[in-house]
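Undergrad: Quick one: the structure is below, questions incoming.
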Amino acid sequence: MPVITCVEDLRRLAKRRVPKMFYDYADSGAWTESTYRANETDFGRIKLRQRVAVDMRDRTLASTMIGIPVAMPLALAPTGLTGMQHADGEILAARAAAKAGVPFTLSTMSICSIEDVAENTNAPFWFQLYVMRDKVFVERLIDRAKAAQCSALVLTLDLQILGQRHKDIRNGLTAPPRMTVPNIINLATKPRWCLDMLRTKRRTFRNIAGHAEGVTDLSSLSAWTAEQFDPALSWDDVKRIKDRWGGKLILKGILDAEDAVKAAESGADAIIVSNHGGRQLDGALSSIAALPAIVAAVGDRIEVLMDGGVRSGQDVIKAVALGARGVFIGRAFLYGLGAGGEAGVTKTLEVIRKELDITMALCGLRDIQRVDGNIIAENPFAVR
Ligand code: GLV
């Protein structure tokens, strides 16, 4: 791998190595992509206090998320089609996460199945659930996650209707890709990706194919997923799912303080302040801009986590300073995966860890659990 200094280096490499339709799937947002961009740029508007002449020896980034020890306050986010950024992507990312001591979250829309990831990794992972109209299928997914001993269920609340992503429409996204002329021409420039993909049997949505009624192949599957996300999802469903699951529950996709209050009342263990990486409601607040008001509303009642735009250790420390117990990274690890498989994800985690450690030290602190609003010099999103 060439010299990698930051996540942006990995993104550039991934763009060269991953077929266009899958690279674009990761590196895009809904409609004008304004929220997608703001997720990243709003972090830059928050300024840190530089401190000097403080003892910076013996630093620690160890913390907990939902009571689970983590080597740094960060988890891998559930991302769809991860196994299309690189063959066997979910298994490779889960292994890299386990080695780094941080949680991996498997998406419902993954290529490797729950069982497959459980068999091929040796650390418990978290499972993300989409609520579909087919209630029996949803219940079976919950039971499969329990059988695989997943240590948390991440219930996504912001994707009852799919946001419109222009790049995916233009690219005619499918997994595996259809053999159209533009796709064949593009795949011919990605020999490493193609060879790895030919060697694996994991090339479609294996959590779903063969498990959901009437889904046997991919063409019926894409139609099925578009029809199947449940537009009638309600807080009653959250309760039903919580009762069936019985373990740690995280609600993902909270961006408004009123919803955060309802989430806290639901008895869930944590919320993820999230706009789905800017892939759903374009024009919504960035996650980091939404975080302070949500922490003010419910921070004393429920653990608050966040995702969206986290590309560096500096972003992690800013989110923690604003009240998040931890963050999730999606694209940042997908770029690593596309750039270099398991080693690439490890690289992402090392880069972020180092940036986090150095930033904490230069802010005059030695323990991530002591980071709070005191390290912030300017925050345009502060609650007045
Ligand atoms: C799925 O989670 C997506 O955002 O594509």
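A Cβ is built for glycine as well, from the same backbone N, Cα and C atoms used for every other residue.
The annotation domain 'FMN hydroxy acid dehydrogenase' is assigned in TrEMBL to 1-381. According to TrEMBL, the glyoxylate binding site annotation covers Tyr25, Arg165, His276, Arg279. Feature annotation from TrEMBL assigns FMN binding site to 78-80, Ser107, Gln128, Tyr130, Thr156, Lys252, Ser274, 307-311, 330-331. Feature annotation from TrEMBL assigns active site, proton acceptor to His276.
For each feature listed, report its degree of burial, its nearest neighbours and the pertinent distances within the displayed model.
TA: A C-beta separation below 8 Å, combined with a sequence spacing of at least six in one chain, links His276 (glyoxylate binding site) to Thr156, Asp158, Leu159, Gly163, Gly253, Gly308.
Every protein chain considered, the tally of other Cβ atoms within 10 Å of the Cβ of Gly330 (FMN binding site) stands at 24.
In the three-state DSSP assignment, the secondary structure recorded for His276 (glyoxylate binding site) is helix.
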Undergrad: Does DSSP put Thr156 (FMN binding site) in a helix, in a strand, or in coil?
TA: strand
Undergrad: For Pro78 (FMN binding site), just give me the three-state DSSP call.
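TA: Assignment for Pro78 (FMN binding site) reads coil.
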Undergrad: Count the Cβ atoms, other than its own, that fall within 10 Å of the Cβ of Ser274 (FMN binding site), considering every protein chain shown.
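TA: Its Cβ has 26 other Cβ atoms within 10 Å.
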Undergrad: Could you find out if DSSP has Tyr25 (glyoxylate binding site) as helix, strand or coil?
TA: helix
